[in-house]
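Database features, via TrEMBL:
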TRANSMEM  A:24-46  transmembrane segment
TRANSMEM  A:78-95  transmembrane segment
TRANSMEM  A:107-125  transmembrane segment
TRANSMEM  A:131-150  transmembrane segment
TRANSMEM  A:162-182  transmembrane segment
TRANSMEM  A:211-228  transmembrane segment
TRANSMEM  A:248-280  transmembrane segment
TRANSMEM  A:316-335  transmembrane segment
Amino acid sequence: MSTGTPSGAAQRLRRGARRWPRTLGLALLLVVAVILGTGLGSVTIAPGDVLGALWRGVSGQELAGSDVIVWSIRLPRVVMGVLVGAALSMCGASFQGVFRNPLADPYLLGVASGSALGATVAIVLDWPRAAIPVAALVCALGAVALTLILAREGRRFPPTRLILSGVVVGSVLSAASTALILRGQDRARLVLAYTLGDLGFSGWRDVLTVLPYVALGGAALLLLARALDTLQLGDLTARSLGVPVERLRLLVVVAASVATAGAVAYVGIIGFVGLIVPHIARLAFGAGHRTLLLTSAVLGGAGLVLADLLARTTALSQVGIVTTLLGGPFFLYLLRRQRE
Amino acid sequence: MKILTLTTTLALAGTAAAATYPLTLTDDLNRKVTVKAEPMRIISMVPSTSETLCALNVCDRLVGVDAYSDFPAQLSKVPKMGDLYTPNIEAMVAAKPDLVLVSKYGKVSESLAQAGITVFALNPETYDEVFSKLLTLGKLVNREAAAKALVTTMARDIAKTEVLTRAAVTKPTAYFEIDPTPYSIGPKSFMGVLLTKAGARNIIPESMGDFPKVDPEFIVKANPQLMLGLDAKTAAARPGWANLSAVKAGRVISLPAELSSSLSRPGPRLPAALRSLARLIHPELFR
């Protein structure tokens, strides 16, 4: 802990200088992803027209023709992709840190199956669109609460018990969703699209609904980043360094669950982003959690926008299918590498 | 019209020569299936097949139908045996059928075939198949002449509507939504053919397939003058759709439940469904 000393500051400055090109590259990647995501699609729009449409939208002029596609359909879809990709990747990085398990993902404690159950109830019962994320969020947090209650051992939350409880809660809730889907046959495809992850029909209002959850959860995780670093030394060492390990674990789980629940509220369950992106970020930018969370967020946002672009311009059709097709093999690679 | 169809069918059925059994036909799973004798105890797991059997006047031979077979009304008395994906195999075997009609989808045929029950897969998908498969079904249940008569009546009724819509001064470009995720219909699907016959121009090109998932921005670009299969409120609430021609002009029409079910079933109600659809698109022609 040499943060306050001059030599520490100089060291950080030097390290910062070395990271400059990579940080720039990362920012560029996000910009390129947003531009490609906004310009390309089933209808191709020239870059000049994209900029014109953006300007007309910002300055409140009337939108017509391809302006509508850029401003009302693609841009909110792209922004939603950035938000969701960033949220899932940050949560994945935090979960991998807090459980010291490289294969942990944001859905580990039943968040995904909880929110899927909530969304399924809302969809099958034909509730208004605005109620879907609320139902998803309530059930997601309920699922995490249930997992925590089941995993609790006195005042402690041992990681293995947390993960096992999460798996069981997840399975039970998934079964409940499936039973509901089978009862509400005519809406089955709507629910299926949700469980496969789909960014289609994301509008500005949806973006604004999701934003606070992602921002709140993400900011909390960033504040906890230094403590997460200390936790990598092991529970005992962390405790002796004054880190309240159990409370930290609880805080990270709650913050990540809020962000994840917001992320999956409208677009459904997009697999593997939260699992894979943190690994890439760790390899490219190092394992310190503040950097890791930020780089994961940018990489995840850019990655999901590009995956969605691939989905809507090919027969793969849904972004969740793309991430699973790309992420699955990568996951198996990680698994093999870990065994060796 | 329905009564007329039925009487014509019956009159012709009386003069039909009996089919010779055992009868071997190729089904939609590409299997050669032999029916030993005229089937008298039939289970139908496809709603349009159940409907067609009733139109061929062998409704009373049905000892079981799938959960979605709800037309005509007399089917409500026939025991329900699940659906193609969650079939109640035990109930089906217990009903001792001599013929079970399924589609090429689902997982019914294998387990039933193992139980020694004759299973025939039959599901029309294109417009032409609606008629050719109807004739096959007629052959299977020894109602070949009735099937031919039904096909003739259907073709005639469809032509009547087509003559009307051909006179339409303008044909609106149309988007037909069959599922809100959203899925639409291609011009080659039987529903797409009906949409064209009803006097509309489908915005979906043939290259996108028969029942494609559509990118919302494609619909914005096409800016259809008419939308069918969803309600005005839903359409207006979708990002960027509020200013589309159809939405602004109030030409977003959600189909009545009965029409949407008869239109999606490739069976004997298609001519009536076409007529209702044409009436929705061109009310001026039906005054």
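Cβ atoms here come from the backbone N, Cα and C positions, even for glycine.
Note on the transmembrane segment (A:316-335): residues 81, 102-103, 193, 195-200, 267-273, 275-276, 279, 304, 307-308, 310 of its chain, located 6 or more positions outside it, place their CB under 8 angstroms from a CB of the stretch. Here the transmembrane segment (A:248-280) touches the transmembrane segment (A:131-150). Their Cβ atoms form 3 or more pairs under 8 Å, with each pair 6 or more residues apart. With pairs at least 6 apart in sequence, the transmembrane segment (A:24-46) and the transmembrane segment (A:211-228) have fewer than 3 Cβ pairs within the 8 Å limit; the two do not touch. If one looks beyond the transmembrane segment (A:78-95) by at least 6 residues along the same chain, the residues whose Cβ comes under 8 Å of a Cβ in the stretch are 30, 34, 37-38, 101, 104-106, 108, 199, 202, 206-207, 210-211, 213-214, 217-218, 221, 224, 228, 252, 255-256, 259-260, 262-264, 266-267, 270, 273-275, 277-278, 281-282, 289, 292-293, 296-305, 307-308, 319.
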